[in-house]
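Comments concern the structure below.
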Amino acid sequence: MENVYISSYSSNEQTSMAVAATDIRELLSQYVDDANLEDLIEWAMEKSSKYYIKNIGNTKSNIEETKFESKNNIGIEYSKDSRNKLSYRNKPSIATNLEYKTLCDMIKGTSGTEKEFLRYLLFGIKCIKKGVEYNIDKIKDVSYNDYFNVLDEKYNTPCPNCKSRNTTPMMIQTRAADEPPLVRHACRDCKQHFKPPKFRAFRNLNVTTQSIHENKEITEILPDNNPSPPESPEPASPIDDGLIRATFDRNDEPPEDDE
């Protein structure tokens, strides 16, 4: 393993030192067993270099801080830039305690990928202490194929071009809640996409016997033999009922009173 360069703060000046891999192992051996030591260091080195996040000042108005409870604070805090669709680390705060004081002090005095490496180590140590898997790649996802095996080629929609069942449904566009989404099927063999099949009525309702004959397509519209609803009477005129009175202009002569 390569040397890890750490910069630590003192009361007077900032000093920098190179900490070899053996020193990191000696530090981690205080918290974890030797059996988990190599895997933890390798995982932290890989993830810290892969998921390194930039540091910026929280001066923009469009940045929302993600709040963590103190019990869930593992030393990694993020803020979201809603305008640029990026994530940044902002104002890192580490709950220092006596158990991880040495490692927390090293995190406070570092920056860049070295800081990320130590933060991942702190996260992995806490997970090992609690008996939880820290590497998300080793966590097995729940398989729902027995319940929702929608990608089985046996039941897939066949491609109209090459008749292959190696197809995948895709939602192209989502619409309002009262409208169906735009769905297309893509064929992995011929690289063509096609519209999904539509449902058609395949049963014929016999009005006389009230029996359903399956697998017979409806070819004509059934007559509506139900009695028609009663005709509603015309509404009375509001003028006839005296609801609306005749109006006169102010220049007109007032109407004469009936004697």
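Backbone N, Cα and C define each Cβ position, glycine as well.
Here Swiss-Prot flags 155-195 as zinc finger. Helix, strand and coil counts from DSSP across the zinc finger (155-195) read 0 helix, 15 strand, 26 coil.
Annotated Zn(2+) binding site per Swiss-Prot: CYS159, CYS162, CYS187, CYS190, in sequence order, evidence recorded as sequence analysis. CYS190 (Zn(2+) binding site) is surrounded by 14 other CB atoms, counting those within 10 A of its CB over all protein chains shown.
Here Swiss-Prot flags 220-259 as region 'Disordered'.
What Swiss-Prot records for 226-236 is compositional bias 'Pro residues'.
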Local confidence of the prediction over the zinc finger (155-195), expressed as mean pLDDT:
85
Near the Zn(2+) site, what residues other than CYS159, CYS162, CYS187, CYS190 in the same chain have a C-beta no further than 8 Å from the centroid of the listed C-beta atoms?
PRO160, ASN161, LYS163, SER164, ASN166, THR167, ARG188, ASP189, LYS191, GLN192
Go through CYS159, CYS162, CYS187, the listed binding-site residues, and name the one with the sparsest Cβ surroundings, counting other Cβ atoms within 10 Å.
CYS162
